[in-house]
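Peer 1: So Swiss-Prot lists the following for this protein:
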type	residues	note
BINDING	GLY250, SER251, THR252, ALA253, THR254, GLY255	NAD(+) binding site
ACT_SITE	GLU272	active site
ACT_SITE	CYS306	active site
Amino acid sequence: MTEPHVAVLSQVQQFLDRQHGLYIDGRPGPAQSEKRLAIFDPATGQEIASTADANEADVDNAVMSAWRAFVSRRWAGRLPAERERILLRFADLVEQHSEELAQLETLEQGKSIAISRAFEVGCTLNWMRYTAGLTTKIAGKTLDLSIPLPQGARYQAWTRKEPVGVVAGIVPWNFPLMIGMWKVMPALAAGCSIVIKPSETTPLTMLRVAELASEAGIPDGVFNVVTGSGAVCGAALTSHPHVAKISFTGSTATGKGIARTAADHLTRVTLELGGKNPAIVLKDADPQWVIEGLMTGSFLNQGQVCAASSRIYIEAPLFDTLVSGFEQAVKSLQVGPGMSPVAQINPLVSRAHCDKVCSFLDDAQAQQAELIRGSNGPAGEGYYVAPTLVVNPDAKLRLTREEVFGPVVNLVRVADGEEALQLANDTEYGLTASVWTQNLSQALEYSDRLQAGTVWVNSHTLIDANLPFGGMKQSGTGRDFGPDWLDGWCETKSVCVRY
């Protein structure tokens, strides 16, 4: 029987058929570079669109457009309530075009249309409206001073928050719309201008969203999009002297390179990088909760999630039960195209990434690791990798220490919780972790001792706009989200008045 597919909207096909350029100064236009980048549907491997491959001159045009918009105060100079209204209108337009954006996301990235609708658009709308509300909550403080000179003088002082300037937002390919808006919205809420560089693999939704931003009333030059390679376009953007802040989400290796570049100009930087995230399952945990929670926490978006649980440490009394449960769950997953409403595992984003993930599994198989695999997906089509459990892998295997970023999960037997903690923290990463237990005292103790920026108890990979998120160790620097989110996009100015 032919697997059902969601019908592609006519406006989506029309957008795919365009000759895409860049989005600079409030309008789409051609790049100076004549090079093009092909965009492929991961489910078929077929080209579906192309975009400009921007060069250094194109990036300079975008940054200078953002700079002119910033210094003219055409956005930062507006009343906070007016900026808030425009950003809420922007969110409303994204909601009105939600199915269009969800389909574009699935066609270029490969993920399930259900995930595109619920996460890429649904969660993005929550973040957009939350962040729009912060626009009118930016506040400084009044301060009492103890300056003794000249004798008898009195002082009044306060601080104020001012937008940092032009922001460079570097967006990964795993959640292009959602993570893109995590950079756009705080920048705009704070009064900054921004230049977004989406991944060259998945640039389409950011180009479309930029058009909606202009329609909402965001002034020309405030929101710009350049598409191109990291080596040329990304490097030119992060090294530009008029960029005041860089917000990057991606690999640790690339993040380190950006940090070195930023140091040359003392550019402010927020880095959300890789993770090799542990889950500790204690012997009193509810097996059903564990299997349901960690199947999502591990295999959401084919494991292409920085926060995914890729190492599961299970106390011995529960190990066999959970291995059996996970095996049954993995083998029941339906594998197919993202535009299929019934497929639960979809293709990886690109041929190159598919080959990389397969290399980890080939290495494990060569070392005679025990692999439990689900369905391989459609034969001869797309970039599919079967969801895979690796049981008690040798510590020397690459997949025990390196971020695989695919549908591959290690199940490891441990004698007790202390061994699990030692193994969980024995990594260069520190993005997320979880502990599974019905004992409140153990939950609190383990959440304290796990070395990760976010620790969940009896859940994994659940985030919220009001909860700060970021990494320890080599998983990054800085925090996104939460009521103080905009502090990272503002300068703090001190004002002192003698009277």
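Cβ atoms are placed via backbone N, Cα and C, with glycine included.
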Peer 1: By the count of other Cβ atoms within 10 Å, pick out the sparsest of the binding-site residues SER251, THR252, THR254.
Peer 2: SER251
Peer 1: Return the single residue from the recorded positions list (ALA253, CYS306) that has the minimum number of other CB atoms within 10 Å.
Peer 2: ALA253
Peer 1: List, in sequence order, the same-chain residues at least six positions removed whose CB sits under 8 Å from that of GLY255 (NAD(+) binding site)?
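Peer 2: In sequence order, PHE248, LEU271, LEU273, GLY476 meet the Cβ cut-off.
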Peer 1: In sequence order, what residues of the same chain, 6+ apart, have a Cβ less than 8 Å from the Cβ of GLY250 (NAD(+) binding site)?
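Peer 2: Expected: ILE170, PRO172, LEU273.
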Peer 1: What is the set of residues, excluding GLY250, SER251, THR252, ALA253, THR254, GLY255, whose C-beta falls within 8 angstroms of the centroid of the C-beta atoms at the NAD(+) site?
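Peer 2: Those within range, site residues removed, are PHE248, LYS256, GLY257, ILE258, LEU273, GLY274.
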Peer 1: Provide the number of Cβ atoms within 10 Å of the Cβ of GLU272 (active site), excluding the reference atom itself.
Peer 2: 26
Peer 1: Which state, by DSSP, holds THR254 (NAD(+) binding site): helix, strand or coil?
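Peer 2: For THR254 (NAD(+) binding site) - judged by DSSP and reduced to three states - the answer is helix.
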Peer 1: Please report the Cα separation of CYS306 (active site) and THR252 (NAD(+) binding site) in Å, rounded to an integer.
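Peer 2: Rounded to a whole number, the Cα-Cα distance is 11 Å.
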